[in-house]
Every structure is written in C-alpha cells, then in structure tokens.
Amino acid sequence: MSGTEKKLGFLASGYGLSPKEKDYPVLGFAVDSRKVAKGFVFGAFPGAKVNGEDFIEKAIAAGAVAIVARPEVKIEGAVHLVAENPRLAFAEMAARFYAPFPPVMAAVTGTNGKTSVAELCRQLWTITGHKAASIGTLGVITAKNSYSLGMTTPDVVTFLSCCSDLARADISHVIFEASSHGLDQYRSDGAKVIAGAFTSFSRDHLDYHGTMERYLAAKLRLFDERIAPDGTAVIWADDPAATTVIAHVQKRGLKLIDIGEKAEAIRLVNREADSQGQMITLSIKGESYKIRLPLIGGYQLSNALVAAGLVLATGGDIKQTMAALTLLKPVRGRLERATQSQNGAEVYVDYAHTPDGLRAAIEALRPHTEGLLWVVFGAGGDRDKGKRPEMGKIAANLADHVIVTDDNPRGEDAATIRKEVLVGAPLAEEIGGRKEAIFSAIKRAEKGDIVLIAGKGHEQGQIIGRGETMRVLPFDDVTVAKEAVL
C-alpha cells in the first residue's frame with residue numbers, strides 16, 4: 001500500500017485535536033476492519049447492507065488510532081473524528097495521506113459507455129505522447145500492463161492508493177469510471193478532477209437507487225461537486241438527459257464541451273458506416289474534419305468522440321487528437337469481434353446488460369447484417385427486475401432470432417429470471433445453459449448472419465448463488481464462441 005507516515009494533525013486539521021493527538025503517527029487508512037493495522041484511520045460508514053459502525057471495536061482492537069464516524073457514534077480507545085458526512089471527510093483525509101496524484105485526472109459517468117470512453121481516452125492520450133492510465137471495469141490499464149481492482153469503482157482507499165502508485169510510476173494522465181454507486185458513496189473523492197464526461201442515462205441500478213431521479217442525482221454529483229471549479233464538462237448532447245446535465249454544468253460555471261449532432265463545440269455532421277468502421281465528418285471551431293474511425297456502431301462513435309472531448313478538455317491539440325482517432329483499437333468486450341462461424345457468420349460479444357445498452361448494440365450491428373441478426377442474452381439475478389421484460393421486448397423488436405439464456409443468476413432461480421425476460425419476448429427461444437445457447441446460435445447462423453452475445457462482455461465468470469454460497473464459475477463469452485467453431 002502506498003503512502004508514508006504522516007501525523008494525524010496534518011491529516012485531520014480543523015478537528016479540535018489535542019497537541020498529543022495531533023502528534024499521533026498515521027500509517028494507513030481502511031474501510032474494512034479486517035484490513036486495519038496499528039496506526040490506521042478507520043472509516044465507519046452506515047451502509048445499505050453493512051454498517052461500518054458495527055466494526056469500530058474490532059478496528060480499535062486491531063490498532064486503529066482514529067475513527068471517522070457520525071457525531072452520535074460512541075467511541076472509546078481511539079480518537080473520534082466527528083463528521084456529519086463521514087465518507088467525504090474520510091476521503092479528504094485519505095487523499096492528504098496518499099498524495100501526490102497524477103496532475104491530470106478526468107472522470108466519466110453515464111449508464112452506458114463509461115468503460116469504452118475510459119479506455120479510448122487512455123489510448124488517445126497515449127497516442128498523443130502522454131503516459132496515461134484508465135481505472136474502471138476492466139481494471140487498471142496502462143500502455144505496459146493491466147491488473148484488476150475487482151469492481152468498476154473500488155473503495156476510496158484502493159482508489160487513492162492506486163492513483164498514488166500511478167503517480168510514482170510517472171503516469172501523468174488518468175481517467176476513471178465514476179459509477180453512480182461510487183459517486184453516491186464518495187469512493188473516488190479526494191483527488192482533484194479537472195475534466196468530467198457524461199455519456200448517457202437510462203434505466204439501471206434501481207435495485208440500489210430506488211428511483212430514476214435518485215439515480216440521475218448520483219451521476220450529477222460529478223458535475224455538481226467533483227469537477228474542480230475551473231474544470232471542464234464534456235457532454236454527449238444527443239442523449240435526452242443532456243439538457244439537465246448541461247443546466248447543472250452552467251449553474252456551476254464549468255467550461256463546457258458538448259458533442260453530437262445537436263452540439264455546438266464538436267458537431268457530428270455526417271456518418272457513413274461500413275464493415276470495418278465508419279467515416280465521420282466533424283465541425284469544430286468552424287473547421288471541418290473528415291475522420292476514418294476504425295470502430296463499428298453508433299454508440300462506439302459517441303464514446304470515441306466523448307473520449308476525444310476529454311483529451312481536448314485536458315489540453316490536447318485538436319488536429320493531433322483528430323488524427324489519433326484513426327488509430328483507436330476496439331475495447332475488450334465492447335462490440336468485440338469474437339470469431340467467424342464455419343458457415344461464415346460473424347460473432348460479436350458485448351457487455352450490454354441494460355435495455356438501452358442492448359438496443360444500442362443491436363442497432364450498431366444491424367447495418368452490417370446482410371442476413372439474420374441473432375441475439376443471445378439473459379438478465380442478472382439480484383438486480384433490477386423491472387428491466388427484464390424491457391430487454392426482452394427490445395431484443396424481440398430489433399433482432400431476427402432471439403435466444404434467452406442465463407447471465408449471472410446469483411441468488412435467484414435462473415428459470416424464473418428467464419421467464420421474466422420472456423414476458424417481453426414471448427416468441428423467443430429459451431436455452432438455459434449459456435454455453436449451449438451460444439453453441440446453438442453459432443452452429444445455426446448462416447453466411448451473412450451476425451450473432452450478438454450480450455451481457456457479459458469482458459467478464460470471466462458466471463455468478464451462481466449469493467452470500468456464503470456464492471460461486472463464480474469460469475466463463476468467457478469470447479472463449480466459448482471460439483470453441484463453438486472448432
């Protein structure tokens with residue numbers, strides 16, 4: 001873990017500490033009591049599933065020197081750092097401990113597109129000569145290596161420690177995915193963000209947020225609070241929620257780069273798709289740019305342009321950035337071409353796991369489909385049940401042949417999940433085993449057909465059960481697709 005010893009008085013200035021308390025050495029931070037060691041500061045946060053306040057005694061027994069917690073919490077045996085918002089206070093203290101961070105830090109939020117924007121932005125920075133990294137669903141990626149952090153937005157200690165490590169490795173530019181969960185729980189607070197992007201907004205995570213209004217409010221926190229006052233917001237203007245986001249950006253006084261057919265800063269004038277990518281025409285500051293983008297699909301076009309907007313927002317040169325767009329590589333699990341069947345059908349894998357994401361993936365592949373468009377997908381267990389029939393309806397309306405299968409059933413009955421999806425797609429085929437479903441589609445698809453395997457993308461496992469009974473069975477859609485053509 002990065003970070004060197006610092007005094008509690010330096011990390012927690014303004015908390016009314018005694019001279020003796022100010023001199024306490026701090027050796028680390030933790031939000032998990034099992035990771036606390038002597039000299040650590042422990043963050044005790046009330047949570048949706050687990051209450052960190054229940055683990056204060058365990059943290060003190062493990063050597064915690066201070067506890068960040070709400071005023072009403074009783075603490076004996078350690079310094080009580082009182083905070084009405086303990087998550088934010090903890091993040092600010094941890095940031096002082098783990099600093100310095102890379103000088104250029106950007107973030108991206110949105111229901112869909114975060115991972116693609118983060119990876120494409122990292123690529124653009126790298127192509128234009130910067131040492132860059134991305135943090136998110138695919139893990140931590142640099143030009144030289146990559147490693148997993150376990151979730152889209154890791155806990156704040158892992159995040160800040162990671163940023164500190166990247167700075168020590170001479171990484172100057174970092175982009176991270178700011179998920180609604182992460183923003184709501186202050187998991188990526190502390191480090192200065194000079195640019196932030198918005199991709200899209202549609203139904204997802206209602207099992208956590210409860211309503212679409214609270215879900216959007218979580219995402220808006222990036223623009224209301226996280227981007228530095230002198231920072232820049234990059235907005236995909238063609239999304240229905242863009243008007244709301246832009247209003248928040250303007251109220252805050254941030255600089256704005258809007259992008260899309262409806263935009264002023266970077267306007268998409270024309271787009272012509274072919275089997276290898278798309279030719280696009282952009283209008284920027286009165287200049288016209290014709291660019292050959294080597295990515296397929298309208299949604300990857302929008303993601304690439306948002307990534308380019310972030311590069312410009314962080315000091316990039318327009319002509320260099322436009323030239324770099326022609327050199328982009330596809331993102332793992334995002335409309336990734338997996339294989340070609342023995343009959344000549346093209347097979348793609350995509351992470352689409354929301355109604356809007358599934359629609360975008362199918363619509364992206366339709367112009368390239370000469371024959372039938374097959375879709376193999378399912379819905380995750382222990383997640384928003386309301387989106388299941390919606391996804392079924394979208395697949396049924398937009399694809400030619402739909403196979404409903406399993407996708408991380410977790411603690412729910414897999415057959416029940418499939419049944420709820422089939423409400424929206426009553427004529428769809430049902431094949432429970434994901435491998436069997438993929439094999440069936442690929443074996444039957446003909447030359448000119450396209451098979452889309454949706455839901456998992458880059459994921460390497462099928463999650464069965466919950467809690468102590470949870471198992472992650474090895475499963476990779478791309479690998480299984482390749483096995484189907486052997």
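Quick reminder: no glycine exception, Cβ is built from N, Cα and C everywhere.
The ATP binding site annotation in Swiss-Prot covers G110, T111, N112, G113, K114, T115, S116. Secondary structure at K114 (ATP binding site), taken from DSSP and collapsed to helix, strand or coil, is helix.
Taking all protein chains in view, 24 other C-beta atoms sit within 10 angstroms of the C-beta of K219 (N6-carboxylysine). Secondary structure from DSSP puts K219 (N6-carboxylysine) in a helix. The N6-carboxylysine annotation in Swiss-Prot covers K219.
Summarising the annotation, Swiss-Prot assigns meso-2,6-diaminopimelate binding site to R383, D407, N408, P409, R410, G455, E459. Every protein chain shown contributes to the tally, and the Cβ of E459 (meso-2,6-diaminopimelate binding site) ends up with 19 other Cβ atoms within 10 Å.
Among residues of the same chain six or more beyond the motif 'Meso-diaminopimelate recognition motif' (407-410), those with a C-beta under 8 A of the stretch's C-beta atoms are 353, 377-383, 417, 434, 455-456, 462-466, 470. As annotated by Swiss-Prot, motif 'Meso-diaminopimelate recognition motif' applies to 407-410.
Checked against G113 (ATP binding site) by C-alpha proximity, the binding-site residues P409, R410, E459 yield E459 as the nearest. DSSP assigns R410 (meso-2,6-diaminopimelate binding site) to a strand segment in the three-state reduction. Distance between Cα atoms for G110 (ATP binding site) and N408 (meso-2,6-diaminopimelate binding site): 22 Å, as a whole number. The binding-site residues in question are G110, G113, P409, G455, and the one with the fewest Cβ neighbours inside 10 Å is P409. Inclusion criterion for the binding-site residues T111, T115, N408, R410, E459: a C-alpha placed within 10 angstroms of the C-alpha of K219 (N6-carboxylysine); this criterion is met by T111.
Confidence annotation: the motif 'Meso-diaminopimelate recognition motif' (407-410) carries a mean pLDDT of 94 in the model.
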